[in-house]
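Novice: Below is one structure. I have some questions about it.
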Amino acid sequence: MTTSSPSQVRQNYHQDSEAAINRQINLELYASYVYLSMSYYFDRDDVALKNFAKYFLHQSHEEREHAEKLMKLQNQRGGRIFLQDIKKPDRDDWESGLNAMECALHLEKNVNQSLLELHKLATDKNDPHLCDFIETHYLDEQVKAIKQLGDHVTNLRKMGAPDSGMAEYLFDKHTLGDSDNES
């Protein structure tokens with residue numbers, strides 16, 4: 001492995017920020033991996049909730065795009081991308097739509113907390129460009145995703161999930177099916 005040469009474009013980009021961006025890339029890829037696992041769980045013949053599958057596949061793609069955007073930023077700022085192993089999801093069986101939505105809500109809150117810590121680091125290192133990037137491309141979207149998942153969890157519970165299989169079928173058909181994956 002060759003050592004990377006110093007960047008000629010690097011300016012006001014602290015090494016702690018560079019390292020934090022690499023950690024955030026890993027977290028976004030992990031989130032994408034979790035959502036991919038969820039998607040194909042709901043696509044199984046014995047689960048057969050196609051709109052849950054579509055919803056989580058869309059989320060997986062979004063998280064991968066978030067990682068790619070951070071990788072592009074890393075290169076633009078003169079940082080170096082160091083990829084790490086992506087942890088596998090904590091489970092393979094997501095049990096129910098409600099359980100998966102609760103896990104997704106927890107995941108999005110963890111991603112959001114990491115972004116808030118990255119923003120604080122950028123503030124502490126006096127990096128207005130990184131602050132603006134996080135604010136513009138991530139923070140508002142995270143809040144909206146958390147709200148949407150919270151609403152989904154609430155509605156599934158009100159409908160009687162997970163005790164009622166009919167609740168998840170109707171939610172899949174009428175909420176996720178009608179929304180066409182609105183974010």
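Counting begins at 1 with the first residue displayed.
Every residue gets a Cβ built from N, Cα and C, even glycine.
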Novice: Write down the one residue from E28, E95 that Swiss-Prot lists together with E63, H66 as binding Fe cation 1.
Specialist: E28
Novice: Report the candidate from E18, E102, E108 that shares the Fe cation 2 site with E63, Q142, as recorded in Swiss-Prot.
Specialist: E108
Novice: Give the sequence-ordered list of residues that share a chain with E63 (Fe cation 1 binding site), lie 6 or more positions from it, and have CB atoms under 8 Å from its CB.
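Specialist: Within the chain, E63 (Fe cation 1 binding site) has Cβ neighbours under 8 Å at E28, L29, A31, S32, Y35, V111.
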Novice: Enter the number of other CB atoms within 10 angstroms of the CB of Q142 (Fe cation 2 binding site).
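Specialist: Result for Q142 (Fe cation 2 binding site): 19 neighbouring Cβ atoms inside 10 Å.
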Novice: Rounded to a whole angstrom, what is the C-alpha distance between Q142 (Fe cation 2 binding site) and H66 (Fe cation 1 binding site)?
Specialist: 11
